[in-house]
Structures are given as structure tokens and as C-alpha cells.
């Protein structure tokens, strides 16, 4: 029957991106529900939609009876050609006017080796290369327009419509409520529930309509699946579907991961060197030797509870320390200082190339970013005349702004002080629990031989304290995110760009102190202010019984390694569980649910409506996560050369997880986001600051945390045969047990201390008892200190090399400069010829 056929045809088109006529494309969708304030909101919607139609947009409403939940209305919006052309000129959107005659690149030797990593050409380059020029409605025949319906891609169409929605008022013509403007205010007051562009199809199969591009399906098939982890990213298709901001994010993340490969490779080589030189480690052999380390009695590590102990009980930790504290680590620290500079400079070149290819060379900050936030307009009741627009606008008085800023600063200081307090608490835990472990693991020959042999009190304390510190970090991080947003909202920033910058400062400051403070303590404070058996330094003064922590005879570097591994690995695992496992379960359930709804019952706008909204700060958190990781692999990499390898594995997973979230059932399709320089305006500054700080921290780690300098001084200045034999004995000072104060003497020491033992050893360079300068520093100590100062000089040499490399590498490649000049020349030439031809036509 004709009627039945027509009805069936309409039903099969429910999963579509077109109006009911099958011709006009849905460029944007607004959804809303009726509630208690229905009349007031209905009046706003009526005025807003009437003004949208006056602006030239075409609307079509889907009644709530047509939706699955029976309560949601959907307003579909279509922008006709005239509107698109008008606003494309206003927004200075660049469109093609001539096909590019510049080749993509020359054939690379042995290109067949990279063939398995490559994607099909139609995926990598979804459209030909063109020379472009800002659109001009009066010169439409100047541009390459074959079909007006497909000339502007969907991402550009949604960007134009959102621009109109953001400036369309919802007041009557006779009223002058200028603040009642824009879709953002309507979303904030609940008039509309959501505003979003549509995905072009379901991600697991192509669209049934041949006019749909099915780019979402192509992205899922060739990019978002984890089995594609070794493939290159289709950046041009990502940019075409999601916009330049998201395209630049994945380009940056991919480039960062590629550069991590070289850092990880060098880290594995240095770690392998530590393994291969394992048997040549004379110091560890002496510590483990029963005749050497087994005969050396060490002074107690805490008061009363800690016993005297044999040096060979730290045998295992000394071998572990050698894996990371060796000559190769010094080379790796220098290499990473240069690697950081190469990464930052080469990324600038890569970004410049992308800006040229994606027509962002002359891009200016979008006015939408500078538009007032609805929250600013609502909370600021004062009005003053804007000298530029000559209109009354809201403003925040200086006194109010200062008061809010002071409250914000006080809140930041309070929460940072809370971090410091937690670190002090963890240190106190270390000191207290170390005594408990020491009282349990007293003698390796007792029944707990397995534990006592492989876990020293220092290692047990460091491992448990690092785990507790990580739990505290994650708990505080949960609160810090909310505190940073709260105090930023309290300051009432005027624009979205100002809001993001203020939030960035607070979030990064919180993250920096929260994640790195414990590593800074272990690296630069632990074991540095201990004193010696007769004159120990206490954490809370001499009345407290908490002595400052000492380092293991093998050095503090292994404890810094333990701290870094637990915090970095734990953060990445929690992040992966949060970003990978939960979205996968959600996507599985949504996909299963979607597959059980036939296309004729589950419309495209309903499928996208149930997805999460991609907020304006969505990329902010992605960049922040990577910058924190960047700090881990640069600031403390001298203590753990395998950190870049862990980051590499994490980022390979991160790229595909983020791709999965964007492409499948996690996020709605973002509107066309343009402008890479606004994606993370703080990224370059924070990365550069971390890069500079990393040279300082790694130099200080090698000088004051590692045992490399004392070993080298002994090898070249004090050893008899230019070898490390006797280093352990030389690095330990002697103290008379009878001189130990009563409060520091272990309990029941008579039961397990031989009567013939009159002295104990401790880690320092001091004169022995009986010397005229007993217990004062020897010349050996000052020689080592001088050598450590030399490392600081070497740090400045690395700085000079960094700045020289940065100066040597230009930010913009020469071929890109040439292409930009050629494109500008062709634009002028074609415009001149076009105007001449138009003049001839008019004269004729």
C-alpha cells in the first residue's frame, strides 16, 4: 500500500542526520523537557526559537511522544547556504580556491619497512590538498564550489550554528534585556537540557544513507580500536571530524609518545648496563661478604627500639641500588636534559607544519572565547559603560575583586600547607614504624629468616610509607580538583579564556606539590640532616624521640626509586582503570543497548543525547595528566631510567583509550573546535619550566642523593690500585659504643651484642674516637663536597648545550615558510586575475 510504504520509509530513516524531508542536514540539536517552571521556560524557548528563525535558521521539532523516554523534545536546526556563507565570511573561515600543486613528500628509502604502520590513503587524507583563502560571499565563483550542500564540512557547519546560538537573544523586540542572550545562559538556567551536533552514524557500522560520510565508523575501525595501537593516527580525519583543537591534542600526544620511544630505549640501555655490570659491583660484594660486611657492626638507626645490626643485612638492597646507581645513570641524566629540549623544539616545528596544513597560520583568537561567561553576567549586578561598544555591561568592582582574590590565595596556601602537613605526617610514620620494623627484624638468624634476609627495616618502611603516601595523594587530588574549581568560580572570571588560565594556575600548582613533594623529600632531605651517634638531629627537637631518617649504606637513591615507581605507576594504573575500564563497560552496555534498538525506533539524536557532554575543559584535564607524567620522567629520571618506558606503555594505551572515548559511546560529538594555541595555552610554559627544573633536580640527585661522587672520589684519589676494593670500609666512620647517650642506647643490647665489640660504624666521613679531632669531618668529606660542587658546574654546561640546541633548531621549518609565501603569492595572483576577469565581463 502507498501509505504503508511511506510510513515504513520514514521509520527506516530514524537513524539519520537529515530532516524528515531527507534533504536538509541537521547541523545542531537542542533538547528540553517540561518541568515545574514550564511556562517561564516555554516563553524563553518561544522567543529564542522565533529569533533563530529570524536569523535565517530552519527548525524542526520532534515531539516527546516520538522519543523513547516519552518526556524529551528535540529541536533540530539546519543552516541554509545563505546563512553559512554569511557567517563563514564573518568568521573568516578559509575555503579552497585552487588545488595544491606542492607534492606531499619525497619517497623515503626503505619505505616498505613502515608499510605495516600506515593506514589507507583515503583515511590519512580524506580530502585533497588545496590552497585556501578566507571565504567571501561576494566572490563565490572564485572558490571551488561544486556542491553547496557539501561545500562546508559538518564540523564547520556546527561551528557556525553554535556561533549564532551563542549570540541569539531570547527577549522580545521591545525589551532591552541585552544580557538575555545566548544558548549558554539557556543551558545554565535549565531552559534547554543539552545542545550538541550529531555523530554521522553508529560507530560499529556505516550509515545507511549514502550521503552520510560515515567518518565516525572509519575513525573507530582504523583508529579507536586497541589492535591499531601500532598504526599511525589519521590526524587529518580527526581534524575534519572533531576540529583543530582535538586534532592538535592527538598530534601532540602522538608526537610525545614517539619521542618517548627514544628516551625509553636509552633508559633500557642504561638499565641493561646496570644488569651486565652486576657482577663487577665490588661494593655490594664487600657488603655481602661474611668476612667484611658480616663483621661490621652498625650503629642503631633509631633510639631504644633499633638494635645494633650487621652491614651484610643490607646485601640485597645494595645490589638493587646498583641497578640504578651506576655510571650509566649519569650519562642518562645528561641525555634526558638534551632530550627534553629536542622534544620541545621539534614539537614547535611539528605544530608549525600542522598550522600550515590546517589553515591556522593567520588564525586569530575566536571572539567566542572572549565572550562574557553567563555566570559573570548573572553574579555581577553593577553596570558601567563599555568605551568600545558604548553599551552598559556588568563589571566586578575592584574592592570585591581584591577581596575574592585574597580569599582565593588564602585557600590555596591552606591546601598547600595541608599537603606539607601530610608529608610531615608520613615522615613521622617513617620514623615511628622504622623502629617497629627494626624491633621485629633484629636478627637474620631468627625464625623470620626469609623476611629478615630480603626485607630490611629501611626497605619495609620505605615501601609501606610510599604506598600510604600514594593513597594520601589520590585522596587529596580528589579534593583539590573540586577546591580549584570552587575558588576559581568564586573569583568570577569574566571570559572563558580567563577562567581556564586561573584554573590552570591552581590545578597545576596543586598537582605539582601533591605529586612531587614526597619525591623531593626523599631526594634532597632524607639522610642529609642526621648528625652522628653522639649528636643526632631530631625531627621535632631533642625532646622528641623521632630521629631524622638515615639512608641505607647503599645510598638513598633506591628509596627515591621506590617512591617514584609506586607513585608514578599507581597514578597511571588508577588513571587507566578510570579512563579505560569504566568507559569500556559503559560502551559495551550502551552498544549492546543500542544494537537491541532497531534503527527505526532509536533516532540519531536520541542515541547522541544519552552520551556525556564534552565540556570546554575536556582537553584541559587530558593535557594536565600528560604534563604531570612529563614531570615524573624528567624531574627524577636519574633515579629510575625505566620511567620513560613505563610512560611509553601508558601513552600507547592512553591514545587508544582517548580515541575510544571520543569515537564510541562516551562523548557526544564536540562542535567544531578551532585554534590549537587555545587548546592548552599553559602547556608550553609549564613544559619549559619543568624542562629547566629537571636539569637542576637531576644534577642535585647525582650530586647529593646518588653515591656516584663518593665512589669516584675514592676510585681516583684514595684507592691503592685504582679499584673499589675497600670503599665500604672507607665510607663508614667509627664510633665508640660507650659514648652513645643512654637515651639512644638500644634496649637489651647486652643479650645480643658481643662483649668484645666496643665500636660501631655509621655512614659519614668523620675522625675516629681517640683522634685529636674526633667526630669532626675529615678531608675526605671536603673532597667529596668539592666534587659535588663540580657537578653543579656541569649542570650549567648542560644548560648551555640546551640553549644552544634550542637556538640551533628553528621553530618553523624552511619548507613551511616557503609554502606559506607561495600560497600568499598565488592568492594575490588569482585574486588579481579574478578581478580583471570580472571587470572585463562588466565592461562587455
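The backbone N, Cα and C atoms fix where each Cβ goes, glycine too.
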Quick one: which of 437-458, 459-480, 481-502 does TrEMBL have down as transmembrane segment?
459-480
Could you check which of 355-379, 380-404, 405-429, 505-529 is flagged in TrEMBL as transmembrane segment?
405-429
Segment assigned the feature transmembrane segment in TrEMBL (from 193-220, 221-248, 249-276):
249-276
Transmembrane segment according to TrEMBL, located in which of 604-626, 627-649, 650-672, 673-695:
627-649
With pairs fewer than 6 apart in sequence excluded, do the transmembrane segment (405-429) and the transmembrane segment (328-347) have three or more C-beta pairs that lie under 8 Å?
no
Using a Cβ distance cut-off of under 8 Å, indicate which of 405-429, 459-480, 627-649, 789-809 has the most pairs with the transmembrane segment (249-276).
627-649
